[in-house]
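Enquirer: Quick one: the structure is below, and I'll ask about it shortly.
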């Protein structure tokens, strides 16, 4: 790749990821402090959500480095592995935590009276281990030998009669030839297995749980409306507006979930389809600006999902909101005292 072209792509990645990464980091810290300061939120469901926030915070920190994985760099084998394995592990752990949070809330809705009897609640440390350990093991497979790394000049046999200057020159040339690329760290089979065996099943499971919850909510809403109609008939009253309000709330819930899916999931789905298509056809999409933009939008939009879930809950934001209100009142009070003194 042309150095000027590579520099322009790095600038594009910087301008796209740094503002989004800053928003994700500070928003997660905002919600984490809110949960930590409220003792009423110290329970198993919120511990799962706290784990998701930590994973999302780590994803926000590594977000500027994920699109750079498509660019070739001059790195040795160890540093190249760390550069690719660590962000991949954090993203997979974020995805596993997201599935666990949806699964925990799905159990509360499907079985509201007996959800505490499921293994997720009885074996919380084991459940927490399942969202961090498998991503770490899978992301570390390239470090255990499943990679395409080829040492430069490895095919050459060493000659015992070489001079010191010639050996030094060969080492320098080998270091210059060490190009770190995702193709050398991640084989095609590894990427296909991650996309088709981990990422897509996780996304489909979340969509299935969301659809099931909406279906249960619709059934319960119909039953409530039937009871209201029966009461109105017995009391010989006109149908109240309560049924219309319930239908309106349900419609708002469906619209909010659909909008969240379109904004947060669709860009990532397009990014994954572009990645799989590039692997199948051999087209060098990773070097294009469009691919970099879609990767930034896809990963960034996925990282926004926990923020939507957290900021929508007033219990998570109440402690920080009170603190900000106190600081604002003190600042206004100090300013008023200065005006009176003048």
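Placed from the backbone N, Cα and C atoms, the Cβ positions cover glycine too.
What you see is a predicted model, and the numbers here were worked out from it, not measured in a lab.
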Enquirer: When TrEMBL marks a stretch as transmembrane segment, which of 119-141, 142-164 is it?
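Expert: Based on what TrEMBL states, transmembrane segment spans 119-141.
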Enquirer: Among 189-210, 211-232, where does TrEMBL put the label transmembrane segment?
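Expert: When 189-210, 211-232 are checked in TrEMBL, transmembrane segment belongs to 189-210.
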Enquirer: At a threshold of under 8 Å on Cβ distances, which of 47-66, 81-99, 189-210, 250-270, 290-312 pairs most often with the transmembrane segment (12-35)?
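Expert: Comparing 47-66, 81-99, 189-210, 250-270, 290-312: 47-66 has the most Cβ pairs near the transmembrane segment (12-35).
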